[in-house]
Amino acid sequence: WEFNGSFYQPSAFLMMGIPGLEALHHWISIPFCALYLIALLGNCMILFIIKRTQSLHEPMYYFLSMLAVTDLGLVLCTLPTTLGIFWFNMRRIGFDACLTQMYFIHILSFIESSVLLAMAFDRFVAICHPLRHPSILTKMTVIKIGLAIILRGMVSLLPIPFLLKRLTYCGKTELSHSFCFHPDIMNLACADIKVNVFYGMIILLSTVGMDFIFIVLSYILIIKTVISLATKEECLKALNTCVSHICAVLVFFIPMIGLSMIHRFGKNVPPLVNTLVAYTYLIIPPALNPIIYSIKSSHIREALLRALRRK
């Protein structure tokens, strides 16, 4: 502990694995390793295929590349601490290291939310204004959108580590997960955390919350346009281009909203449920997104088959 008058700050936190199943951590690590491996290989494969295939150099696949890079970042943020606990029972993480991991996890989550919104906008323009799509989403526009997404995440979350460092912490230093999460750290403080709670809620609602609302509005407009199409075949063809994106949105937003609600309002939720939702939020989307796009996108699938034949 560091002591400075009435100010107390732990030198380290203790992370949790899966509560009640500590004796089985070595066995539980097997599916986790499989998910991490799928996420790493799958997203690297998506990036490789898009880079090598000239026909995929379009806004839709540029945004998919951003999603793959973001998913790789999320995997690399949580992999060392999660497998460190399961394999070696390494539960200790330094205070500053914990804040750094938390900052990057939240930034990458916000970036993923924004990329999913950009992909929804791309589908909206492609279906509702197909003739204007090439002129609206040029390569330079896509680059500007990507830079804006990164800047938005970095700036909006920059105060969070400093708001946590100013707090006085009590004797309890055990986190609820195998990674550092803002509400989890905040709840260990024995000081007034109203500023942290208020700022966290405002940022969450003004970024991820607004992204989700605009994604829903985009699909309402897409459905209205699709319904007005002349034939059923045209309608199904237009909707088919959105299926993989809709799956990615649901896989990301449902566990994220669930985890946020549990940390803020679910005081009586069993620790095991809290842990499983957290792992679902951070590990399942990076592993499933490449599979979803490989199965549903004929262009990705064909490019992958061509690459395999060349091998």
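Positions of Cβ are set from backbone N, Cα and C atoms, glycine also.
Where the annotation comes from TrEMBL, it is an automatic prediction and has not been curated.
Model, not experiment: these values are computed from the prediction.
Taken verbatim from TrEMBL:
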- 42-293: domain 'G-protein coupled receptors family 1 profile' (DOMAIN)
- 24-50: transmembrane segment (TRANSMEM)
- 62-88: transmembrane segment (TRANSMEM)
- 100-121: transmembrane segment (TRANSMEM)
- 142-164: transmembrane segment (TRANSMEM)
- 197-222: transmembrane segment (TRANSMEM)
- 243-264: transmembrane segment (TRANSMEM)
- 276-295: transmembrane segment (TRANSMEM)
Confidence summary (mean pLDDT) of the domain 'G-protein coupled receptors family 1 profile' (42-293): 89
Cβ pairs under 8 Å between the transmembrane segment (100-121) and the transmembrane segment (24-50), at least three: no
Non-local residues, at least 6 beyond the ends, that sit with Cβ under 8 Å of the transmembrane segment (62-88): 15-17, 25-26, 28-29, 32-33, 36, 39-40, 43-44, 46-47, 50-51, 101, 104-105, 108-109, 111-112, 115-116, 118-119, 122, 139, 142, 146, 149, 178-179, 248, 282-283, 285-286, 289-290, 293
